[in-house]
Amino acid sequence: MKTSWFALFLAVLSTELLTSHSSTLKSLRFRGRVQQERKNIRPNIILVLTDDQDVELGSLQVMNKTRRIMENGGASFINAFVTTPMCCPSRSSMLTGKYVHNHNIYTNNENCSSPSWQATHEPRTFAVYLNNTGYRTAFFGKYLNEYNGSYIPPGWREWVGLVKNSRFYNYTISRNGNKEKHGFDYAKDYFTDLITNESINYFRMSKRIYPHRPIMMVISHAAPHGPEDSAPQFSELYPNASQHITPSYNYAPNMDKHWIMQYTGPMLPIHMEFTNVLQRKRLQTLMSVDDSMERLYQMLAEMGELENTYIIYTADHGYHIGQFGLVKGKSMPYDFDIRVPFFIRGPSVEPGSVVPQIVLNIDLAPTILDIAGLDTPPDMDGKSVLKLLDLERPGNRFRTNKKTKIWRDTFLVERGKFLRKKEEANKNTQQSNQLPKYERVKELCQQARYQTACEQPGQKWQCTEDASGKLRIHKCKVSSDILAIRKRTRSIHSRGYSGKDKDCNCGDTDFRNSRTQRKNQRQFLRNPSAQKYKPRFVHTRQTRSLSVEFEGEIYDINLEEEELQVLKTRSITKRHNAENDKKAEETDGAPGDTMVADGTDVIGQPSSVRVTHKCFILPNDTIRCERELYQSARAWKDHKAYIDKEIEALQDKIKNLREVRGHLKRRKPDECDCTKQSYYNKEKGVKTQEKIKSHLHPFKEAAQEVDSKLQLFKENRRRKKERKGKKRQKKGDECSLPGLTCFTHDNNHWQTAPFWNLGSFCACTSSNNNTYWCLRTVNDTHNFLFCEFATGFLEFFDMNTDPYQLTNTVHTVERGILNQLHVQLMELRSCQGYKQCNPRPKGLETGNKDGGSYDPHRGQLWDGWEG
């Protein structure tokens, strides 16, 4: 009995175990399938970008809807910066995740959307990576300043890109490769509303057709960039806007800062009124962006995609309005130009959280790739910020050793490009512990050989004193008489096919052509097949020789006659010494002895263009010069100097011609009676024109042989110069200052309310020497900005004590700290990839606000500085 009960118990137990095991396996299989499905549903990504939106001047204070959605519903990054305060370079960094020195877009003009950018960096934007992994990518709005709409950038399935720079009306967009012009109708053409409608319609359509495909959209607004045209319903808001009046407002001049700050004085009353109106109009344009964010949020909520969508909101750089006396603009390394708004809202983001770590525009691309589940490419300089957004997960309550988040505390701010030659020279100076430049100049000027005004034999340099009392060293210019003597004394020798040493000049030889050879030459010249040697003047400027090779023999075009006033055909004789030249002329002085040179046959290319007496442009657009220029450094230097002098002379001539042309335009006579026959329509006039045409200058005749490609290039360059000239003329002479970037503002600039009716004025916003590289550091103990300018000027601001960068305190910083800052700056200037461009924070002493110091782990490699 016991045995039967025991057997029954075992049977029931085995049945229960089998049932439990099968249910467990089924549960595991189901859980794995669900996790796999969730893994396949990747989140949507929406990047909202504004143009020129600041943080320091209070632009976010009026955007209540955006702050409610993004700040209260997501994470706020209170230390968000851009690595360059320029539109096109910053946007290029956002797309590629690279510093400016790695994508080579330094300004809004140079290389912006150029063929080099299109071939090298555009195929490696985050859009390309996402598109290749199944994301439906779409772009709406402003792309790059110089984008011309002729192509669709790679990686974008839907493309609605603005052609050229920001506008709200009267613009052109490229819709999937087709250009579409818009006018001045608010209901149909207002740019902010247009791209909002386009993006919402695309999202709805895409989810309806491809419900399981994730979407990545960029909505790139033109606001609050100029011309600051607001929607009509917002044109009366904020009449007393004053958020832009910060402690640095109209704080000028600043003699302790770099050159443009020293040059800029306090604003005039008309400038101050302009800043007030400008701030008001900028805030009005942002109201349409605020409405756009609300519409986007509501659309996502209606479609049930809000909890599966990451929304990122930021700007390409900041802005200043009146700060340090600068009426408006960007491009400065100070916080008002490099701080930007930065918010992220998404599935793993805690609402209302604040992130104190530094985030940059170069972090956008790696972050977007990380959201999509992709690794960061090694050539990207930024890092994903998702690790800063991880929620605190419950773990072992007995575990006390939690890893702290290690993040950068320093980054590079750069603007402009240094010439390589100058950069290397400065690099050598900085690393040699030499005296400052002004002290070295002072020592040199104490030497007797530099104190005379280029009067000593062989003197190459002289010291002078400028108007401010500074000593300068200038190179002595050789007088024209010395140059003429030097040219005449240069001997003409055979380039030789000698077997001894082709680089050696062995002097004169006794070689002379035989009588038979000279007879063969004369017969060749009388031959009708030699008529291609048309009579013409080979040169009109002083030179030495020009070589012609015929039947294995080398002939020289004798150009010594160039100094004569009366031009005549030049003889070409076989190469020999001067005495044999004279004998040959006496013996073989027959008329047939001279061979007339034709410039087109000198180098064997009948359609080549003679640019100088030694260089030609061949039909295949390549340049070919005499071998001497490629073999002799002296000849190369002389010819380059000659070309530079010719360019300078032609530029002066062009300037004079433009002045005469302007004079003629101003003194244009009254219109004549066109029914009468003009002088040049008469027979005499026609003959005169034909006569002039048949006696063209040799250079002009050769210029007619330029191919159509070169002519098109010149025509485009001429038109570009004319456009620049018209802009300068529109500004006026008083607003076109050398070395400065200036603008004029008048009553016609703003075409929408509120209008400007106080007349025109001129203001300068930047300078050509405003090139710099800066370190910006933010951590628990330090908050500073250190800058090196291309002029050699240094700036240092401690934001703990001077949050508005009012005073440059570089003179109070210890030399050892400056050396370390310079070394760290040089490392970041050449970094490549996120491993080099995001160094671990250096160990800083826990100093007080009076200052701290770096660990002295580096040598003093740099000692030449100027503050």
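A Cβ is built for glycine as well, from the same backbone N, Cα and C atoms used for every other residue.
For the Ca(2+) site that Swiss-Prot gives as Asp51, Asp52, Asp316, His317, the extra residue drawn from Cys87, Cys88 is Cys87. Between the stretches 660-685, 842-867, Swiss-Prot puts its region 'Disordered' entry on 842-867. Among the recorded positions listed (Cys87, Asn170, Asn240), Cys87 has its Cα nearest to the Cα of Asn620 (N-linked glycosylation site). For the Ca(2+) site, the Cβ centre of Asp51, Asp52, Cys87, Asp316, His317 serves as reference, and the other residues of the chain with Cβ at most 8 Å from it are Thr50, Gln53, Met86, Ser90, Arg91, His225, Ala315, Tyr319, Lys330. For Asp316 (Ca(2+) binding site), the nearest neighbour among the glycosylation sites Asn111, Asn131, Asn240, Asn769, judged by Cα separation, is Asn111. Of all the glycosylation sites in the record (Asn64, Asn131, Asn148, Asn769), the one with the smallest CA separation from Asn240 (N-linked glycosylation site) is Asn64. When the Cα of Asn148 (N-linked glycosylation site) is compared against those of the recorded positions Cys87, Asn131, His317, Asn769, Asn779, the shortest separation belongs to Cys87. The CA atom of Asn769 (N-linked glycosylation site) is located 19 Å away from the CA atom of Cys87 (Ca(2+) binding site). Rounded to a whole number, the distance between the Cα atoms of Asp52 (Ca(2+) binding site) and Asn170 (N-linked glycosylation site) is 20 Å. On the backbone, the CA of His317 (Ca(2+) binding site) and the CA of Asn131 (N-linked glycosylation site) stand 27 Å apart. Fewest other C-beta atoms within 10 Å: among the glycosylation sites Asn148, Asn620, that description fits Asn620. For the recorded site, Asn779 (N-linked glycosylation site), the DSSP three-state label reads coil.
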